[in-house]
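Over in Swiss-Prot, the protein carries these features:
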- 102: active site, nucleophile (ACT_SITE)
- 127: active site (ACT_SITE)
């Protein structure tokens with residue numbers, strides 16, 4: 001039986017040369033749109049990074065849109081995406097649809113200044129870095145030091161892209177911290193709420 005999360009819509013394009021079927025993500029990629037719509041792990045990061053690099057190669061002067069609806073995930077995978085976003089030549093516009101939580105919030109705020117958006121009913125969420133460890137006490141201590149190191153990296157990224165002080169970022173991310181789209185604008189995580197233009 002096919003599960004709904006494995007169904008990818010197909011789009012038929014007609015031209016003088018006939019019809020051609022594209023999966024929806026390939027069609028979006030042709031329009032320089034990447035969709036991050038799942039938990040962040042190494043496989044998802046590899047796909048997003050490959051798309052970013054491809055679009056950089058295709059046209060280094062044309063913006064890329066990264067739509068985000070993600071609960072976050074693995075920090076190292078998220079940082080790989082973050083570093084690639086900062087490395088490539090095109091400006092990456094980020095758009096939160098639904099929810100951007102944890103690592104996804106870091107990616108959302110890391111978009112090009114002035115091009116970070118959320119839809120009106122989006123939720124943005126921050127918290128401390130999380131992880132787990134087991135084994136000998138010395139192994140657990142090593143793992144704890146590493147997660148604290150990663151947490152410092154994430155906090156510095158948030159400071160850089162929001163303009164907030166380190167003290168405020170530390171305080172606000174100490175526990176679950178939820179923001180509406182408007183609150184995210186005021187916080188500096190995004191620049192604008194996207195609205196449908198009113199008909200005149």
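Heads up, the Cβ atoms here are built off N, Cα and C, so glycines get one too.
When Cβ neighbours within 10 Å are tallied across all protein chains shown, the highest count among the active-site residues 102, 127 belongs to 102. On a Cα basis, residue 127 (active site) lies 6 Å away from residue 102 (active site, nucleophile). In the three-state DSSP classification, the residue listed as 'active site, nucleophile' falls within coil.
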